[in-house]
């Protein structure tokens, strides 16, 4: 028999393990022995693979090309393998392609914000424009009209003599007249008034607000307060926040002041509360008032009352006055605003203020008081203003925020989807730098939202922000939209499921806009604080732009306009800072938040990593002799040359990973030690759950190891993950493909991020397409491919970049037989220039491809070595299979076999088949055995026979069985077998319908109970989250979001130089000394009367140099005027009280001749007891 014949027989026997070996029958014992000997001295599968590869057309050329690509890739690695610009450019291109393929969603992301903004434009058009003509409010007869109304009020008051002995200052009601006697807290018993009084009050209110009005007397105010306290009028508009008036401290000056007020008012005694020893006692007294006691009007606190100093603080109910947290009316369209300064008159503040000044001047200096003052609103010019601007300051930002809900949801979903499909981590494993991935996202959506910002700015500039610089609008939306991109990334970094992220992201985004809408009255500090939330910052910016638009538009000076709090510049700064903060949060959360795939860092990694980098010492268990070897103690491992092992491409040293499940910890990978050599295919086998995929995830960095390390071409996966990943190509167990990208686009992208360019990249793509037989599917989207074709594409992706280490996790799963063999051919060729780690459940695939095979079980390596080594050490022998006639006698056949091979073991028989396992040691007896079977074929009814060698599958099964025995699984099953069968079969079947329903209900409740107990996330949202929200709401009630500070009445409160026109005041007031450091006296000499003064105010409406909030026209001798006329700008919230203080101070300086005299007067909110009742004034604000 020739050598070729023996080789042919050997290949036939082993390439078809259970095939027909009848061709060996009839051969001599020497021929059979020679063939079998050759079988185990050469690798039949290698011969088969070589034969298969050689039969493939163009193998030599393709292998040469693969080597060329490999060589070129190595060269690229040293120069531009992962050029940042190339990675960024192709990543941007990939994002753009995906956006183009999802054009409907992409257009919605662009158009929905614009659509919502157009909704605000529609609202602006619907609300229309408010117009009014110019108005003059000065009336020389106004004071007389108001005085007449006050006299009418006084004559309408009386007391019911049948109910009380009398009320000081009132006369008894006349019999026969109709009177109404109200009841209420703080109203004296028996107080009555005429039914016509409410109409008189309404006329009085209108005269005070729209004409010239004197100060109301104490009697008039007290009577109106009593009317306002009528319980029957609680649902109607009331007049004042009245009650008892308290004084402090108890000094002779204060007692004198109280006595003076008694002389000025017949009803004062009814409104006088008490004089307390100190101001603190007065405040404490008011706070301690009982719920059913009379309400409090206010407190007059006298700090200094001497010839050298005057310091008085008058406290009234904060609801009765304009907010002291502001000094000007920000949302002013034009015309007369009656809600600002008239409260100072109606609340009685100016009355108390004037009485205190009069008493101080007369009692301390002995000088006569000045003429009484009258108050008139400055004239207003004709105007045309948008009503939307005054009311839409908070509505427009809300509309904008609602418009961005969908883009935020979709962008977050798109980011999380890549994470959920494991595409993101695969890109990083394949060499994409992390910052490139972030930057590409910011660049693409940054340009996209820049276009949207341009459109939005143009729309607003053409509509309701026409006077405002378009640059302000553009940059505000630009920074806001960019911050939205970063915010979406930050939100996405805490989610692992795209659907959940798409639902929760807009909720989080909208919640970030709520604080400002809930804090409309918040101060500048609080608003500045909430601008760390970009939606709130946008809302604040919108309010400021609206305010500037109402006052002529936002120009260059609007950025730092002193009235704005916070400043517009600060809004832009915060919006830009928000971008930076959200980007940092995105990168931080992405590193520290636990996720299903990928490594996480310590929350303090930004501190720990630099320290570790500076003071790094390699831990003992990272490498070296002290690394624990987790290989099975009784395992079989092929010895390797130490030098060769150290030079291995991949060295795994003590790699460990443990998981917790059900409260128990188990090792998925237990101190794995193994090496992979370059130019070889290493196969990792194991049953489901053995730890194969976990091992690959640890080696690629998709999971963080608990201990040990893996060195990829010298780079530590644990400490140099980025560098290690530059050498890695990956075909994971599950397809990680973009559904909307084509086959060519996938290969092109991954080739680009690996550093291939131009013709080099195109050549690699073309050859890989041919290698995986996807040339005809080149332009198909991956979602249109079959399962097997997707696996081919995943294999091509792993190789396209020329990575030195390629992981293939079950690469041929889902492929048909032809595709599998084609892939085998590719892998054998690519193994020449790569280090390949393969996992598979196909033993023939592992037998054919594996140069080195390792088998894992329960996280531990059970054996490792070449195919021949494992078969020789773990092989179970040969299997002799005979096909027999249906009624063949089996005993003679068994005697014949056992006569030649005593250790033969029957492994099973069927209707026409008998099989025996022959131990490896009996190989010398095989020629005699086969010859005996050949001779006995006619007599024993044998039709055919075959002899097959040990397969890798049998080695695998043997390893698995040995591992099970270690856990005593079989013994445990034997002990419980009877009990288990009894549980299964010896049961009572419930047949009663109601009992069955009850049993089903109980089972469902038990199931839901266990689900609820084990679902920690649901427990958090159902139990912890509601409690936390309630606690947060309770805490917010303790936080003062806005304040009512004390204001010192001075023109300095405006924060800028103001003009104060004065006319006819020489000799009456000191016009040479400024009212305050910021008040500039503008003396007019061409206005002989108050009417002329009012006319000039209108004439100079737009021409005065500084802001103008008040002016005084004194009653000159011979003018016939009885009042010094005080004109106030209704946009100055406290100007009535400020100008009153200025006039009396100037008068005091004039009559005393001392230019250092001043009247320090403060307005402050009075304390409110918990039981206080709010009395809304008739002049509702």
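Residue 1 is the first one shown; counting continues down the chain.
Keep in mind that glycine also has a Cβ here, set from the backbone N, Cα and C atoms.
Given the ranges 530-548, 549-567, 606-624, the record in TrEMBL names 530-548 as transmembrane segment. Residues 108-109, 112-117, 119-120, 123-124, 127-130, 331-333, 464, 481, 484, 506, 509-510, 513, 516-517, 520, 535, 538-539, 542-543, 546-547, 549-550 of the same chain sit 6 or more residues outside the transmembrane segment (387-406) yet have a Cβ under 8 Å from a Cβ within it. By the count of Cβ pairs under 8 Å, the stretch nearest in packing to the transmembrane segment (500-518) among 110-127, 437-460, 472-494, 530-548, 568-589 is 530-548. Long-range contacts of the transmembrane segment (437-460) within its own chain (CB-CB distance under 8 A, at least 6 residues past either end) are made by residues 88, 91-92, 95-96, 99, 109-110, 113-114, 117-118, 121, 411, 415, 424, 427-428, 470, 473-474, 477-478, 481-482, 484-486, 489, 583, 586-587. Across the domain 'ABC transporter' (650-883), mean pLDDT in this model comes to 88.
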